[in-house]
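Right, one structure below, let's go through it.
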Amino acid sequence: MPISKMPVESMPREKLLSRGPDSLSDAELLAIFLRTGTQGMNVLELSDKLIKDFGSLRHLFSATEAEFCAHKGMGQAKYVQLQAVLEMTQRYLAETLSRGDALTSPSHTKLYLSSILRDRQREAFYILFLDNQNRVIKDEVMFEGTIDAASVYPREVVKRALHHNAAALILAHNHPSGVAEPSQADRRITRRLTDALALVDIRILDHFVVGDGEVISFAERGWI
């Protein structure tokens with residue numbers, strides 16, 4: 001059925017305006033982004049098919065240009081638009097952290113770190129450098145490694161923290177295996193970094209491990 005023949009209250013845009021964005025399904029949200037369908041499929045049918053083909057919205061969003069454009073009705077222009085939306089979302093989360101106390105918005109912190117690290121194929125060690133009010137000064141990937149390990153050098157972390165004049169750090173890294181449970185090696189390097197940074201009066205506030213659909217906090221476990 002053409003989407004124009006659907007009841008007005010069931011159309012994605014109208015439904016969003018009347019009930020809010022959280023009332024929409026993944027396919028309905030994607031339909032608003034896509035705007036039009038293809039020959040033989042209205043935009044909702046196309047959205048539903050894309051999500052099923054990729055397995056989830058997340059896998060659709062992390063698809064390469066070639067993978068995305070291989071689907072009927074999807075071209076370079078739509079791929080560019082999607083990447084722009086994702087980048088704006090990431091910047092919004094980063095700005096939210098930089099304007100306030102990172103520790104008063106743990107859900108934003110986890111969401112931001114997950115968006116940065118979750119889909120990486122190799123392990124990456126990421127640091128949020130904070131001022132004395134726990135606001136983000138700078139965030140960056142410090143180390144990248146193989147598919148299952150990243151070498152972390154405490155001396156380099158200390159140098160970078162001093163360069164940014166940081167008062168505290170939040171650490172994060174991903175597990176490409178998808179299993180977020182911290183390893184003994186994760187706990188050891190956290191202790192080494194804590195000890196090294198303490199020599200220059202810089203604290204580690206938390207260490208997050210990002211897996212597939214889960215982010216584990218050392219602080220919440222009482223390990224920091």
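Cβ coordinates are placed from backbone N, Cα and C, and glycine is handled just like the others.
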## Note on the structure
Which of Asp186, Asp195 shares the Zn(2+) site with His173, His175 in Swiss-Prot? The record says Asp186
### Query
Who are the long-range neighbours of the motif 'JAMM motif' (173-186) in its own chain, taking Cβ under 8 Å and residues 6 or more past its ends?
117-118, 120-126, 147-148, 150, 207-216, 218, 223
### Listed in sequence order, residues with CB under 8 A of Asp186 (Zn(2+) binding site) and six or more positions away
His173, His207, Val209
### Query
Given the binding-site residues His173, His175, which one is most crowded in terms of C-beta atoms within 10 angstroms?
His173
### the domain 'MPN' (102-224), counted residue by residue under DSSP: helix, strand, coil
40 helix, 34 strand, 49 coil
